[in-house]
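**Student:** Dropping a structure here in structure tokens format, bear with me for questions.
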Amino acid sequence: MSANAAWDDSDSENENVVVEEKPVILPRARQPSIAKSLEKVQILENSVAGSEKNASDDDSDASSVMSDDLESLGETTEVLNFSLEQLSMMKKNLAQFPCSYKNIISEFADVEIFLISIDSLIVECAAHSYHNWDVAGQSMVLNKQIDRFLQQFVDIGGRFKLVVFSDLTTQFAKDTTLSFARSTALAHLANGPHARDLLFFTNPTDPEWDKLLNDLTPSFLMISTDNVTQNVCASQEIDLTKQFETIAFDVLTRSMSVVLLHSIKVNFVSVEAYYIQPLLVVAPDWQAFLAAHWDNNGTLLRNHLSKEIKFNQFETPADLWVKVITDAKATGKGSDTFDTLAAAVILSSLICSRRGAHRIYYPTRTDAKRGLNVIRDRRLILNAAVVLLDKADHANSKLDLSDLWDGRMVYSIFDELSANETVLPYRLQDDFAKYHQKAGLTVPLATDTNEKLFDPIPEITDPLVDLPILYSVTSPMIKRFVPEIEKMTSQNAVEEGTVQDYADYLKDTSQWRLKPIEETYAQKEEKIEDAWQLKKANRSKQFLMRWYELFANSLEGRGSNLLVDFSRVPKGYAVVEEEVTDEKKTGKGGWSGQKQQKPGAGGKKGATKESGKSKKDLILEANKKAKDQKVAESEKVKIKYGCQQGKESVIFLNNLYSSLDLPETRALCVYEIAVREGRTIFDQHQGTDKQEVRRNAAIDLVGHLKDCFVKHWDHLESKQKEQIVDLWVSLGFEAPAGSKPSSEAKQKKLNLGINMVYYQLQYGGELIDIQSDPKKDDRVSGFAPDGWQRKMLDSVDRGNSALIIAPTSAGKTFVSYYCIEKVLRSSDNDVVVYVAPSKALINQVCGSVYARFRNKSMKRGISLFGTLTQEYSQNAMQCQVLITVPECLQELMLSRTPAVQKFVSHIKYVVFDEVHSIGASEESHIWEQLLLLIQCPFLALSATIGNANKLHEWLNSSEQAKSAGKRKVELINYGERYSELELSILNINDPHGEDDGAVHKKAGERAVIPLMPYGVYMPEKLRMFSIPEDQQLTARQVLHLYNMMAEVDDATKKEFEPCKFFGQHGTKAVWISRSELRRLENALKERFMEWLSSDEQKINSILKILKEPVNTQLSYRARPFNKEKIANDYIVTLVDDLKEKGELPAICFNDDRHVCEKLAVTLANELERRELEYMETDEFKNKYMIKDESKLVKLAKRKRDDAEKKKKGDKDEDAGPEKDDDEMDVLAMKKAKLARALERFKLRGRNGGDPDIYAKMVERMQKGAKTRESTQVLLKLFERGIGYHHAGLNTVERGAVEVLFRSGNLAVLFSTSTLSLGVNMPCKTVMFGVDTLQLTPLLYRQMSGRAGRRGFDHSGNVIFMSIPTSKVRRLLTASLSNLQGNPPFTVLFLLRLFAYVHQQDILNEEGQKVSTMKQRAFAAKSLLEHSFSIHTRREAQDGILQKQLRMFSAFSFQLLRHLQLLSPFGEGKNFAEMAIHSSSGANGTLLFIYLMQKKCFHQLIKSYDTAEQAQLGILEVLANLFTNLRMTPFHERSDNLENVQVTLRGLPSLLKPYVEEYNSTVTGLYKRFMAASSQDGNLFDPSFAVSGKLDSESVSLTEDFLVAPLFDQYSHDESFLPVIDFNKKDHRGRKIQRNAFAYDFYVHGSRNMLMDVNGLHVSVAWFLLHDFAAILERLAIGVHNMARPQDPLVLVLEELHKNYDEKFRKAFGMRTRD
């Protein structure tokens, strides 16, 4: 890795892309010059549209890829057209919608409602092989499946509705067993906790169905399109597929997604499923087609809803069966066996009610007599039951219907009765007799005094006492963690030394060497000997230093104001009050010479009372007064100068105010501003007809008057006070007590006609004080921290850890720099680690660290900061501040390299930025592991989350355990934004109407329409989710909500009238605080939610009123539309509006690189077109066109020559002052005038930009302009004040965009989510451009937080552009995300952990141990015992999860011993180094090593005739081991393709026996250890075991069960079981096909074939191939270090990696490696 890669100007190896030039057809006749530069540049990757690898658009320079043509952009067709004939081919139609197997948890957990088709769920549950349909099924099994299926979604925050279509009853009724199973399941649900969620509809044409979808806008419908299996029903008459397909298709046409009800895997923090995305569908005949496929039988629905039969009359299931049997018998259709079967049903019910799931059955009789009569009688009974169940009223019913029917029990009893055996248990004879009589049965039952049906369940042998294989364990750590190890036994116990050591075998037979694999960043850099190379390196460092300074200054905005003076000793640090007595004497806890203070005191001078002043103090005081007087005179001169700037005076004085130091000059400055603002309003907005304009214009004036009254009154002179009072009174407000306004002021010529309370609420929300308690604190410089921020400083001073939760832009990051400063001051060796979630944030932190701490004198060979990512490192082991990503810190913490261990021992603090990533990223488990592994204090900075207390509870408990109670984690939770957010929605024309042909469209007079968040609420969603806790209305919105509620309720109008509520008289100088505003808001919210349950009519009225302004826009967006086209059509109109209203700079977020670039170009093209058009006008030609430029050049030269002559001669004393060069140079003057005239066609940010910074950035970028097209494009865009930012840009381009936007040279920036996580890019407006799947509520909160940043804006704007109605609702109504605990560890992670703990102790230069085994074991113990999942998962409440984790650790140790990767003591051995190095391959890594140890690869290579064949053979194996991309369910294999597989064929036959042996051993061990986790030692849940179809040996744990039959509290995660099933099947027994993209690409090398044949989106293809190539590289390096250089496997892997990498780079136009 390059040492300077993070900041190097040169492109990374993947950044320079050469592509063929192909024209891009833009929708305009004339293309300005900027469009031409884009003809070669089309970004290939759409990073969010279906990309599973990187939802957050990870900013890897390596992902810069270009397209050959528009088709290769991988855009999905926006519109699907279906004729009536095509509609009949429904499966083919569904296959045209984008479908992928992905993590869908962000689509529903805590954010959205989804729907589940219960009819389909019943069909799919019934399809599981562990059902016993030979005996008409068992209610317990089916109902338990449904309960478990629903509960797993409830556990992760899912909210859903269960939908039933009554017309399907006709289909179900064709089979009695199926009909009864459905009715029983529906009755069970109606009588359970989900009763309110159960909704009935006739069919998809039902108006109520349409209303539900419109009211709830669910995220998706969960449904399968498959028919019932033959195992359940052999009848060919039943065909549910057509109806299910029409339901799914209908939902997709309504802009709602579909999740298929098979292969759904609910893990700890993810839900994997087949997800079908909707598109715009044009199908004129759809409604007719839909109606033709449904009966529209309203009678069936009425039967379901009639509730004629009160079920509270039945106390037990036996009571219900008596009623059923009586009704059935009354039909007179029963045969001779009816009474016997009925008696068996009643007795079965009594037995099951007594025994529950722990029941036994009679053995199956070989002489059983079950003729057709029995089947007819069973149908008669079950049909009678269906009639009752379908009309059941479950109100007040306590009847448990979960175990209504057990066919196995019924038939076993029936067979015994038919054989005249005694069956009736003695204890049940009285109860049975009662029911026997009620049912009118005549068949007698003999009493069984032995009560066989009540025999105890056979005891289960402890799974740990007879393991299939057992290895010795001597590690004290693992024995303490898993005490059950002591009782583990096996008949196949393996004694040490009795099994062939694979490593020794390979050393002896193949001369393998097993060299250690050292981290590249830990290797010493080679010393540069060559003088020229040394000079070049020094120049590079100098250049980097200049770049650091430039970047840092743009980042912080205050230049050297934040630069820390390390010669200064900070004053005041916090200590725990009860510990102050001792530490006051010693000074412990602070820096050298630092004075202590009480927590939160702020270090204010003069806090201690002094008895008297010394002479020295008096002299110092006199000197200070003299100095202040000089400062005051200087500042007054500046103010006077500002007052002389005419129209610009207010702007000048406003900018000057923040730089003034003295209170009297600050007061004078505010006074002068107020006077000038008042004069402007008097001149321009006087008169009653301009009152509304005057109200808006007076906001700044009122704010400055407020400052005069509140802050500066004591420092104003009398005349100034009088003038301030006059201004106040002239606005229509009462004069302050004791003041006398002038007669002119009393005329109130500027009367606003509104009192102060209402004025602040309606117009002046920015005037409302946040009351954050800012105070000067000597511990920080440059600003006064708020109260909650001082708590953060106190926490660091006390040496505690802290969890800091605050909204984006609240100001929580600065504490990390205080922490860094403290460590830098205390030592030259100690280290602070800053963990960032993205490399964009890494660059920012580097800049901030340099800006603040570059003055520190570092030891020789040590840098201030270093960076470490997976792609590059810079001074990683030679720095005091390491800035890294989670994966790399984990590698550091568990490294066994001595140099790395020594570095880790110096880590004193770790800062985790954006720690909420613990539940929102693919690396979330690593965040959790790091928080447990580190043994030093930490700061965890997080955005607002839902379960902050749960997160704090976990962190605090683990921290106290790690520190033996000496440290704790302080929770600092702050919820207030500094800037209000005003929401609005883009005003568009109907996207489904006719196109007016305009290039840049505009709908009406307003470009945007204000959006009240409550305007998108729906009553049902409010009931389920309530109002988000963090949703804070603006002052205007609070007033609006009050007005709407007051309209419909007089009590609310009186009780919450603002003036009355605040207890203030509005005509006086009343200043509302933010806390008072929140008090009013919360009171209104509380009343609002009360009405939701008590008076829904009021709620509907209010919501209708609030929705009215945006109702049209919401209806436009309710149907699918071409989102990209809408954004492109309206972007110019929108930016024009923002520019006119002064709401730039703006960031437009689009998680699609192509969209970012397209919108930027569209906007720039229009500005250029306008400029060219203006240059053709007479005005331009007459005023600004430069004519005869050559003559002007000559004239300017002549003037300069004359000036030079005069300078050389004697100066004429009488001559006037010398003229400026511009005055002498007419051409320069004309050019300047021209530039000012054309400035209107450019966009500028804050303060108009900095020309010097712009020139430096352009110069820096132009170095790569010859070879990089995107640089040329950006330079053209920069000229217009426009930019874009995404992961495809290299470091230089991204840095330039960030610097120029912060400096104001860019006003509009189009960005992917690279700028969403903590990057400092303050703007006034945030636009959400084109919707993508990855735009989650959490991401929305982070992105919108960019708007109205503190210190820049009083308020910010959020605009929804091409966002569908359903997504707008989801973003605004979603609850705060609740973080879930991750699976704590995997087998490979435990290998790394065990090897780290049990390594030999390393000594430093002084002969001391860097770390001891005891210390390492203690760190591992905290990780093993304190998983976050223990605090978040239901299974942990009874200790089952804790036991499961212990058993998993013991299983992992046994498996690693079996693979010879660990010694009995736990030391890594043999190929452990390689396994750890290649751990990214997960399960494939372990299997690869197993096969390698068995020399399988060598045998395979020998079986091929050529090297090329060997490479293909090994590649096929590796594709099977390391790729797991599923084909869609609609995929149909084509046999017309040559050389490609499309779907993986599986492993060569040579390897299959070894893989089967490995899988059998691993699975057998896993089953035993997991069974030991259960309460009774049984792997299977007894509710499923009753079917008699479960067998521990035959049931596959890798099968895609919809509901696995494992014990109830088993915590499932696919990462736990380290096997690969190459014949994996779903719950219906269908083989799951895997995509052969990795193999096929090597064969054809074409990305187009990957899209056309393998069905990959181009962005997905890039990431998949990149990851696979990375795995090949790691395997090649690993085997190279293990084997001899000329080993056949080494040669094949190295050649394979080389060839694969070349093909990959060539296919995607990337620069090949040297």
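Every residue gets a Cβ built from N, Cα and C, even glycine.
Pulled the feature table from Swiss-Prot, pasting it below:
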{"type": "REGION", "residues": "47-70", "note": "region 'Disordered'"}
{"type": "REGION", "residues": "584-616", "note": "region 'Disordered'"}
{"type": "BINDING", "residues": "607-614, 806-813", "note": "ATP binding site"}
{"type": "COMPBIAS", "residues": "607-616", "note": "compositional bias 'Basic and acidic residues'"}
{"type": "DOMAIN", "residues": "793-963", "note": "domain 'Helicase ATP-binding'"}
{"type": "MOTIF", "residues": "913-916", "note": "motif 'DEVH box'"}
{"type": "REGION", "residues": "1197-1223", "note": "region 'Disordered'"}
{"type": "COMPBIAS", "residues": "1199-1218", "note": "compositional bias 'Basic and acidic residues'"}
{"type": "DOMAIN", "residues": "1237-1391", "note": "domain 'Helicase C-terminal'"}
**Student:** Below 8 angstroms Cβ to Cβ, which residues of this chain, lying six or more residues outside the motif 'DEVH box' (913-916), approach it?
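**Tutor:** Sequence-distant neighbours of the motif 'DEVH box' (913-916): 803, 813, 816, 834-837, 841, 845, 927, 931, 940-943, 945, 1317-1318, 1338, 1377, 1379.
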**Student:** Over the motif 'DEVH box' (913-916), what is the model's average pLDDT?
**Tutor:** 82
**Student:** Going along the chain, which residues six or more apart from Lys812 (ATP binding site) have their CB under 8 A from its CB?
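**Tutor:** The list for Lys812 (ATP binding site) reads Gln789, Met792, Ile804, Ala806, Leu941, Tyr974, given in order along the sequence.
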**Student:** Can you break down the motif 'DEVH box' (913-916) into helix, strand and coil residue counts using DSSP?
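**Tutor:** Within the motif 'DEVH box' (913-916) the tally stands at 2 helix, 0 strand, 2 coil.
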**Student:** Reduce the DSSP letter at Ala806 (ATP binding site) to three states and note it down.
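**Tutor:** Coil, per DSSP.
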**Student:** Among all protein chains shown, how many Cβ atoms are found within 10 Å of the Cβ of Ala806 (ATP binding site), not counting that one?
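**Tutor:** Around Ala806 (ATP binding site), other Cβ atoms within 10 Å: 22.
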